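Asker: Got a structure here, written out as structure tokens. Questions coming.
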Amino acid sequence: MAAVRVVAPAPSVLLLVAAAVVLLHLARAIAGAADEAAALLAFKDASVAADPGGALAGWANSTTPGSPCAWAGVSCAAGRVRALDLSGMSLSGRLRLDALLALSALRRLDLRGNAFHGDLSRHGSPRRAAPCALVEVDISSNTFNGTLPRAFLASCGGLQTLNLSRNSLTGGGYPFPPSLRRLDMSRNQLSDAGLLNYSLTGCHGIQYLNLSANQFTGSLPGLAPCTEVSVLDLSWNLMSGVLPPRFVAMAPANLTYLSIAGNNFSMDISDYEFGGCANLTLLDWSYNRLRSTGLPRSLVDCRRLEALDMSGNKLLSGPIPTFLVELQALRRLSLAGNRFTGEISDKLSILCKTLVELDLSSNQLIGSLPASFGQCRFLQVLDLGNNQLSGDFVETVITNISSLRVLRLPFNNITGANPLPALASRCPLLEVIDLGSNEFDGEIMPDLCSSLPSLRKLLLPNNYINGTVPSSLSNCVNLESIDLSFNLLVGQIPPEILFLLKLVDLVLWANNLSGEIPDKFCFNSTALETLVISYNSFTGNIPESITRCVNLIWLSLAGNNLTGSIPSGFGNLQNLAILQLNKNSLSGKVPAELGSCSNLIWLDLNSNELTGTIPPQLAAQAGLITGAIVSGKQFAFLRNEAGNICPGAGVLFEFLDIRPDRLANFPAVHLCSSTRIYTGTTVYTFRNNGSMIFLDLSYNSLTGTIPASFGNMTYLEVLNLGHNELTGAIPDAFTGLKGIGALDLSHNHLTGVIPPGFGCLHFLADFDVSNNNLTGEIPTSGQLITFPASRYENNSGLCGIPLNPCVHNSGAGGLPQTSYGHRNFARQSVFLAVTLSVLILFSLLIIHYKLWKFHKNKTKEIQAGCSESLPGSSKSSWKLSGIGEPLSINMAIFENPLRKLTFSDLHQATNGFCAETLIGSGGFGEVYKAKLKDGNIVAVKKLMHFTGQGDREFTAEMETIGKIKHRNLVPLLGYCKIGDERLLVYEYMKNGSLDFVLHDKGEANMDLNWATRKKIAIGSARGLAFLHHSCVPHIIHRDMKSSNVLLDGNFDAYVSDFGMARLMNALDSHLTVSMLSGTPGYVPPEYCQDFRCTTKGDVYSYGVVLLELLTGKKPIDPTEFGDSNLVGWVKQMVEDRCSEIYDPTLMATTSSELELYQYLKIACRCLDDQPNRRPTMIQVMTMFKEFQVDSGSNFLDDFSLNSTNMEESSEKSV
């Protein structure tokens, strides 16, 4: 075969071929670049409606090679767009993904931190053959809504990372591509149960799953299918029920992070199995409703655990388990907000080898911190606040922890000299020192800052710190917060500290500071947000330099001796939310410029010497306020019920680290017996842009008319213009104050009528127009007729319920003035007499018809709003029949119930709820004596209107309380709802309250002998024991006191107001508020730390009542006890002056001082500072019964006990 000769191509041919290939690739690159540029521009045109920073201004239509790879946010590889990162560019518009999906090489898309919006469920796959190449997508922190993009997820089969967090997605959109490894859907509004179940059962390849901060409900499935998951975050949802028994034990071996914090899981975890947690490094089960004595022993199987958080469950109790020391890798331990008791074991100090953060705050721990904790050489954060720790361990133990950066010890009973010198010299890294509400004394060392250069927060409120505020604090250049309130400081504010560049909070209220306030604010820095220096003795003018503090949120200069005018420059402070200048001697006008403060929600100028008219511009911010700027501030509000002793609607305090029991001796409290204390955290938010919520201009000399523009402040809750010189009419525009709760216009010179539309102010709780010149009839709609007559008195032309009836002149002719002789006179007299008779008869018929029609309409209105208590029935209200029978309050407790009782009957029986029938008032409302037509007497309680309860919640609560019957509980006979009015009907107690009989002897005119007092003590204890141990569910009273112990004609004791504290919500929904449960003088020490109510708290309050019976003294009496109270006085006297404790009248009525001493011992046991050492009420009754053997009394003959319950043989008990 002949050989084939291969002829090599000429070099020129090869060059031509190579050139052709290059040209072909170049052409394709140019074409591809043009296509990708077109896709990006299409995306920009379709999705970017606003680009305020001009981030995409450089995107232009170009086909130049390298474009669009040089465009902002675009990254390329091999000339193709591989990544698009537009994060944080403030772009906005309705997102369209279609164009971007046309980029066939796009692997990573990052649009987080913009303002894109739209419904993601409408985003489909691109209309092309090539599949989606995306591997990583992050569109978090935008405003997307709707469900997940199902078609998008289906088309992107290679997607591995998907971040949809911080949007407003609601659910749907699964299944996910099997390639997915990381899924973050946190901080949305997801509630789809199917999505939750799929995420936890269809997660075969997912390694990271974050569903936190959504709205998922229901229970959890197991985790067995999630074989690869290592991070699972289900925190801050609405899930409930119990966890699967082996939820952790059967978890994947790869699981390292597990959080179910902030849900509503409720179960006993004492024996919970954690066996499968060998690789777990973080376990966060905080803020649920888990209960256990100690912690489950199986936790020691989690040997690699670095962070354990069981805080905020409130039901974990017993000693802190020492087996935790077996977790040898533990760096962060938080057991805060539970009920752990006892002392901190020194064995726990073994954890010091690794521990960096230890939080045991808000428990019931006692004793001291063991000395061995001084060896924690890695510990940086130590929080032992809100316990009952004592001793001087700060100086002896904590000062040895040189690594410490954050030290929080507020609300304990730690004593000793000021520990700051030792802390400063031995803990040089400290950034936060919080020693509030302890018993430290001494001065603040002048060289503090030279030893603590990193100090950011110095919090020493509510101690006994004396001396002056050292000017050397200005050397703490990193200082952000200074709180020295409620101490014994004197002298002036050193101007040097006002030059601190980072100072945000300066809080010095309730000291003895004096002099002029330095005019040196905000020259070097405008960081200051909180300036609260109220209730000192400052003089001079308000410094003009404060107007330079443009970031100021809370400014309080109240309760000083300031003079001069209010700076108009305050109107430039756009962040100012709370302005308190009340109780000074300020003069001049109210600056109209304050209306320019676009975030001002609280303005208190009461009790000054202001003159001029009220500027209508104050309402200019209505509809503009968002309110979020003041969120998170700790506050206390002392609400004044009434009276000139305490002017103004109330006092707002900055309340971080202040004990409520110390407020009891504060002048604003102990001078005002009707003042109640509310505490909480501000979370002012408005569904729409809101308005001011508190405005108090009372007790000034303001003149002119009331601005009608105030009616635009639809979120206004408190408006007090009383005690001024205002004239004119009440503006009809006030009917627009839909949220008003307290309106005081008293002691002015107002004329005209009360606007009829006031009957539509459904939240009105307190209304006072007394001492004006008003005329006309009080509107009968709404709740205006339910306020006492005192709120309308001294208005000579005002009439109607609850005042005297209005007299309508029907008009009648007069006698003729000219005489025409006897016959004409007689004839005319007869004619006039007949005419007058006819006119009078006709007028009477008209009046009768109008009254009949009025009462018919009123009956319909009342029928539409009343409900009856139906014990034993599931119905909480009933519909009217066609007969129109007046709706009744069912007297369920009587064996032979009274006939149907209507609201009209109660109104008539109390004479329109007039002052003459008022027999008592308290924190929950006013009580009236009502004598019914059949002779029966009942007590009618008109609840205060500050309530967040809806009809369903109120009715359910009343149905529960109405079924509780016991011989020593005041029975609820029925209730009535009329609009927002709530009336409760109780049995009438002839002898009133124990408080009245004991402490108002002049008016009560009765002395109680020991036998009667003993009878009252046992009866009230029996009633309280029934609530604690025999009611289902058990009831915590929350406000046990002598005024809630009522006495019948035989001086038998009845506990009243049980269940009421839970029913009442102190303020409206714009504040997250918890009313201080209890009354000053009766509040147990642990309530002053975390406001958590317990039966042992009731036991403490009962102990105070028992002391009142033994001593005859009031719980709080500054003239008797000074800064202390009855409990403190008795504990001082009981050691060696016991006989001086008893009421002298008792010594004359009892032959046995031993019995008095036995009852005193019971009282002291009830008043133990440690709740776990107090007896239960059953144990109190047992002790009483033991004493009875010697005393010969028969008060307890019908009382029996067993291990679990309390029963009585009386037929009245249930």
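Keep in mind that glycine also has a Cβ here, set from the backbone N, Cα and C atoms.
Sequence annotations record features per position, and here Swiss-Prot assigns brassinolide binding site to Tyr678. Positions annotated as N-linked glycosylation site by Swiss-Prot: Asn61, Asn145, Asn163, Asn197, Asn210, Asn254, Asn264, Asn279, Asn400, Asn466, Asn524, Asn561 (among others). Taken from Swiss-Prot, the feature repeat 'LRR 3' applies to 156-177. Taken from Swiss-Prot, the feature repeat 'LRR 6' covers 230-250. What Swiss-Prot lists as repeat 'LRR 7' is 252-276. According to Swiss-Prot, the feature repeat 'LRR 10' maps to 327-351, an assignment based on sequence analysis. Swiss-Prot lists 573-597 with the feature repeat 'LRR 20', giving sequence analysis as the kind of evidence. The repeat 'LRR 21' annotation in Swiss-Prot covers 599-621 and is backed by sequence analysis.
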Asker: By a simple count of other Cβ atoms within 10 Å, which of Asn145, Asn524, the glycosylation sites in the record, is least packed?
Answerer: Asn524
Asker: Of the glycosylation sites Asn197, Asn210, Asn524, which one sits closest to Asn163 (N-linked glycosylation site) when you measure Cα to Cα?
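Answerer: Minimum Cα distance from Asn163 (N-linked glycosylation site) across Asn197, Asn210, Asn524 lands on Asn210.
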Asker: Could you please provide the mean pLDDT value for the repeat 'LRR 20' (573-597)?
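Answerer: Mean per-residue confidence for the repeat 'LRR 20' (573-597): 94 out of 100.
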Asker: Please report how many Å separate the Cα atom of Asn400 (N-linked glycosylation site) from that of Asn210 (N-linked glycosylation site), as a whole number.
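Answerer: Between the alpha carbons of Asn400 (N-linked glycosylation site) and Asn210 (N-linked glycosylation site) there are 40 Å.
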Asker: From the Cα of Asn466 (N-linked glycosylation site) across to the Cα of Asn524 (N-linked glycosylation site), what is the distance in angstrom?
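Answerer: Per the Cα atoms, Asn524 (N-linked glycosylation site) and Asn466 (N-linked glycosylation site) stand 29 Å apart.
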Asker: In terms of Cβ proximity under 8 Å, which residues at least six beyond the ends of the repeat 'LRR 10' (327-351) contact it?
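Answerer: For the repeat 'LRR 10' (327-351), the sequence-distant neighbours (Cβ-Cβ under 8 Å, at least 6 residues beyond its ends) are 281, 286-287, 299-300, 302-320, 357-373, 375-376, 383, 1090, 1170, 1172.
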Asker: Whole-number Å only: compute the distance from the Cα of Asn145 (N-linked glycosylation site) to the Cα of Asn254 (N-linked glycosylation site).
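Answerer: That separation, Cα to Cα, works out to 33 Å.
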Asker: At a 10 Å cut-off from the C-beta of Asn254 (N-linked glycosylation site), count the other C-beta atoms across all protein chains.
Answerer: 13
Asker: Could you say whether, by DSSP, Asn400 (N-linked glycosylation site) belongs to a helix, a strand or a coil region?
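Answerer: In the DSSP reduction, Asn400 (N-linked glycosylation site) maps to helix.
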Asker: Measuring Cα to Cα, how far is Asn254 (N-linked glycosylation site) from Asn466 (N-linked glycosylation site) in Å?
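Answerer: Cα to Cα, Asn254 (N-linked glycosylation site) and Asn466 (N-linked glycosylation site) are separated by 57 Å.
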Asker: Non-local Cβ contacts of Asn197 (N-linked glycosylation site) (under 8 Å, 6 or more apart, same chain)?
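Answerer: Looking at Cβ-Cβ distances below 8 Å from Asn197 (N-linked glycosylation site), excluding near sequence neighbours, one finds Pro221.
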Asker: Return the count of C-beta atoms lying within 10 angstroms of the C-beta of Asn264 (N-linked glycosylation site), excluding that atom itself.
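Answerer: Taking all protein chains shown, Asn264 (N-linked glycosylation site) has 13 Cβ neighbours within 10 Å.
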Asker: Under DSSP, the repeat 'LRR 21' (599-621) has how many residues in helix, strand and coil?
Answerer: 4 helix, 6 strand, 13 coil
Asker: In three-state terms from DSSP, label Asn210 (N-linked glycosylation site) for me.
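Answerer: The three-state answer is strand.
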Asker: Tally the residues of the repeat 'LRR 20' (573-597) by DSSP class, grouping H, G and I as helix, E and B as strand, and everything else as coil.
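Answerer: Taking each residue of the repeat 'LRR 20' (573-597) in turn, the totals are 5 helix, 5 strand, 15 coil.
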Asker: Can you break down the repeat 'LRR 7' (252-276) into helix, strand and coil residue counts using DSSP?
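Answerer: The counts are 0 helix, 8 strand, 17 coil.
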Asker: Of the residues in the repeat 'LRR 10' (327-351), how many are helix, strand and coil by DSSP?
Answerer: 6 helix, 8 strand, 11 coil
Asker: For Asn561 (N-linked glycosylation site), which of the glycosylation sites Asn210, Asn264, Asn279, Asn466 has the nearest Cα in space?
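Answerer: Of all the candidates listed, Asn466 is nearest in space.
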Asker: Rounded to the nearest Å, what's the C-alpha distance separating Asn279 (N-linked glycosylation site) and Asn210 (N-linked glycosylation site)? Just drop the number here, would you?
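Answerer: On Cα coordinates alone, these residues lie 19 Å apart.
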Asker: Count the residues of the repeat 'LRR 3' (156-177) that DSSP assigns to helix (H, G, I), to strand (E, B) and to coil, and report the three numbers in that order.
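Answerer: The repeat 'LRR 3' (156-177) comes out at 0 helix, 7 strand, 15 coil.
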Asker: Do you know offhand how many angstrom separate Asn210 (N-linked glycosylation site) and Asn264 (N-linked glycosylation site) by C-alpha?
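Answerer: Per the Cα atoms, Asn210 (N-linked glycosylation site) and Asn264 (N-linked glycosylation site) stand 18 Å apart.
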